[in-house]
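Swiss-Prot has this to say about the protein:
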{"type": "DOMAIN", "residues": "1-229", "note": "domain 'ABC transporter'"}
{"type": "BINDING", "residues": "GLY31, VAL32, SER33, GLY34, ALA35, GLY36, LYS37, THR38", "note": "ATP binding site"}
{"type": "DOMAIN", "residues": "289-352", "note": "domain 'Mop'"}
Amino acid sequence: MLELNFSQTLGTHCLTLNETLPASGITAIFGVSGAGKTSLINAISGLTRPQKGRIALNGRVLHDAENGICLTPEKRRIGYVFQDARLFPHYKVRGNLRYGMAKSMTGQFDKLVSLLGIEALLDRLPGSLSGGEKQRVAIGRALLTAPELLLLDEPLASLDIPRKRELLPYLQRLAREINIPMLYVSHSLDEILHLADKVMVLEDGQVKAFGPLEEVWGSSVMHPWLPKEQQSSILKVSVLEHHPHYAMTALALGDQHLWVNKLNQPLQSTLRIRIQASDVSLVLQPPQQTSIRNVLRAKVANCYDDNGQVEVQLEIGGRTLWARISPWARDELNIKPGLWLYAQVKSVSITA
């Protein structure tokens with residue numbers, strides 16, 4: 001568990017935190033350049049010293065301005081992966097990985113190398129590696145120091161799109177198989193969508209939203225960040241049943257369900273789905289004899305005018321579902337907050 005209760009002056013702004021972050025999974029730190037993302041993880045790592053407040057990791061105080069406590073970075077047991085890999089050019093990959101390796105990690109070396117898919121790179125020098133390969137080695141080196149927390153500062157920012165796609169599956173695998181919490185700094189919506197369990201949105205040094213990905217993604221805070229083509233909802237669901245004849249899987253969403261193409265997932269397993277706002281249409285009465293398999297009862301929470309379209313925020317079993325309709329449809333159906341209606345979902349994609 002990471003306890004953050006501090007403030008630090010950043011030019012004309014002040015980075016202010018009073019949050020407790022989980023001891024597992026990936027927490028994404030999201031915001032535009034200058035929002036305070038890197039300043040936050042620099043304060044956690046010990047590279048900078050907040051003027052006020054306290055930082056504690058798993059009950060161990062890392063920084064306490066009032067009591068004059070400020071552990072040096074090497075005493076914090078925190079791994080840090082930068083935008084650039086910062087490997088030692090004169091050491092082979094094996095030497096880079098073993099540099100600073102904790103004795104307790106000796107027996108984990110082969111497993112971690114396998115998880116990151118870098119077995120074939122061990123006897124090569126960094127200069128011969130691609131950007132994605134260098135970052136995998138940098139992540140491995142950080143993990144072999146046996147950290148209690150791993151900080152990743154936009155590790156994909158300097159990579160081209162093919163290299164980003166190469167590295168994402170390894171990060172997803174690490175998140176599933178190692179029991180080390182990660183803070184992942186990014187301004188990429190795609191990276192956050194595929195990796196994050198929780199999201200913290202920073203703006204001018206202030207926390208605007210913090211919580212599970214599906215809650216923050218569907219919030220009014222996050223909504224303006226999503227380009228029109230990415231306006232969507234993220235929902236956590238569980239596998240309810242598999243249809244024996246039509247090769248479809250039912251996913252439980254509260255006391256309702258959605259049908260998707262058959263998944264090779266056991267019953268009761270959980271996953272996240274994404275529904276584009278443009279794939280949701282609205283009707284006032286349950287449709288009869290429709291080809292659309294997914295029709296959900298929902299309540300209108302809010303409506304927003306957006307460049308000639310209307311974004312409708314719906315509540316379904318305590319979750320948020322967005323729909324995009326025309327002003328004509330809104331006026332003709334008299335759609336307004338508090339109205340109960342039916343959402344027809346035309347397409348569902350699996351994100352994790």
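Yeah, the Cβs are placed from backbone N, Cα and C, and that goes for glycine too.
Considering other CB atoms within 10 Å as the measure, the emptiest surroundings among the binding-site residues GLY31, GLY34, GLY36 are those of GLY34.
In the three-state DSSP reading, SER33 (ATP binding site) counts as coil.
Here the domain 'Mop' (289-352) is broken down by DSSP into helix, strand and coil counts: 7 helix, 36 strand, 21 coil. Within 8 Å of the Cβ centroid of the ATP site, not counting the listed residues GLY31, VAL32, SER33, GLY34, ALA35, GLY36, LYS37, THR38, the chain contributes SER39, HIS187, LEU202. Sparsest Cβ environment among the binding-site residues VAL32, ALA35 (other Cβ atoms counted within 10 Å): VAL32. Counting only same-chain residues six or more apart in sequence, the Cβ atoms lying under 8 angstroms from the Cβ of SER33 (ATP binding site) belong to HIS187. Residues near THR38 (ATP binding site) in space but far in sequence (CB under 8 A, at least 6 apart, same chain), listed by position: ASP153, VAL185.
Proximity of LYS37 (ATP binding site) to non-local residues of its own chain (separation of 6 or more, Cβ distance below 8 Å) is seen for ILE29, PHE30, GLY31, ASP153, VAL185, HIS187, LEU202, given in sequence order. In three-state terms derived from DSSP, THR38 (ATP binding site) belongs to a helical segment.
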